[in-house]
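**Q** Residues or ranges marked as active site, proton donor/acceptor in TrEMBL: Y143. What TrEMBL lists as active site, schiff-base intermediate with substrate is K171. As annotated by TrEMBL, pyruvate binding site applies to T57, I211. Residues annotated as site 'Part of a proton relay during catalysis' in TrEMBL: T56, Y117. What TrEMBL records for 198-218 is transmembrane segment.
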Amino acid sequence: MSELQTHLLDKAPFGRVVPAMVTPMNHDGSVDFEAAGNLARRLVADGADGLLVNGTTGESPATHMEEKVDLVRAVKDSVDVPVISGAGSNDTAHTVRMAEMTQEAGADALLVVMPYYSRPSQDGVVAHFRSVCQSADRPIMLYDVPGRTGLHVTVDTYRRLAELPHVEAVKDATGDLAAVPIKRKETGLIWYSGDDGLYLPFLALGAVGVISVMAHVASRPMQDLATRFDQGDLKGAQRLSTALAPLVQALNGQGQQAVMAKAALKVAGVLDSTTMRLPNLGPGKDQLIQAEKGMKAAGLMRS
């Protein structure tokens, strides 16, 4: 391992390019755990150095507790990179239970979303995470995605959350670039972009990596982008960011990342079944074409 690789491992302990992995399903809608293990191995072979399971892109709102636990086991048994498991809910007791069960199944870290829909007070947010931290024995990554939670988390609340045991990182999908350096300075937490389109700007602001939809089919160029950035080759990093922009738009532009990730994997010949659970529908012809066009425009497929 080179000095640069060792430095990056220390800098990004949960991985640098981390696909928010889809959950493969059989045609009858049951979780295909064998396919999940195969997909995890494929993603790592293609350049991912960490994996997130049981996230939004993994259809976590539609999978059951036992399935989440078994998915952690299937993926953890298949790869030797950090495996983060989503363990978030707007029900604190349920979140605590998910954290306990997924860490027992072998998750290396837990992604816990800000409690959504209920719109608790800032004190309520802190109390929610305090309860989770009292039961967790794994590193916790906060997930801030106001477009889905309807919740604005203040800098002062971030500071309070950072003081809780086990809170080590943030997946930032706020889109608020100006706030990143302030939050990082006030908390000292490890920062990850939660938005493929802001990957390079986040690196420039001190983030260590990205939790990504696009990495299902583009981990290698995303790793190359980060390496060029670290080596001071900003123009090279910009060229890669620009080249990947059509794929970012294709997979994220409609706000149906889970659907489009499965579409891209189908186009790439990685997934056979693109079955999804309601209320999501599996990708149709137009979405498959959209994914293919994005991949071709990004240079990941022959035109």
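Including glycine, each Cβ sits where the backbone N, Cα and C put it.
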**Q** From the Cα of the residue listed as 'active site, proton donor/acceptor' across to the Cα of I211 (pyruvate binding site), what is the distance in angstrom?
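**A** Answer for this pair: 10 Å between alpha carbons.
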**Q** With every protein chain in view, how many other Cβ atoms are within 10 Å of the Cβ of T56 (site 'Part of a proton relay during catalysis')?
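**A** Taking every protein chain into account, the count is 21.
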**Q** Return the count of C-beta atoms lying within 10 angstroms of the C-beta of T57 (pyruvate binding site), excluding that atom itself.
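**A** That number is 26.
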**Q** Quiz question: given the recorded positions Y117, Y143, which has the greatest number of C-beta atoms lying within 10 angstroms of its own C-beta?
**A** Y143
**Q** From the Cα of T56 (site 'Part of a proton relay during catalysis') across to the Cα of the residue listed as 'active site, proton donor/acceptor', what is the distance in angstrom?
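**A** The separation of the Cα atoms works out to 11 Å.
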**Q** Sort the recorded positions T56, T57, K171 by C-alpha distance from Y117 (site 'Part of a proton relay during catalysis') and give me just the closest.
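**A** Minimum Cα distance from Y117 (site 'Part of a proton relay during catalysis') across T56, T57, K171 lands on T56.
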**Q** Take the C-alpha atoms of T56 (site 'Part of a proton relay during catalysis') and K171 (active site, schiff-base intermediate with substrate) and report the distance between them in angstrom, rounded.
**A** 13
**Q** Sequence gap of 6 or more, C-beta under 8 Å: which same-chain residues meet both conditions with respect to the residue listed as 'active site, schiff-base intermediate with substrate'?
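**A** The answer is L111, M141, L142, Y143, D144, V145, Y192, S193, G194, I211.
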**Q** Can you count the other CB atoms that lie within 10 A of the CB of I211 (pyruvate binding site)?
**A** 29
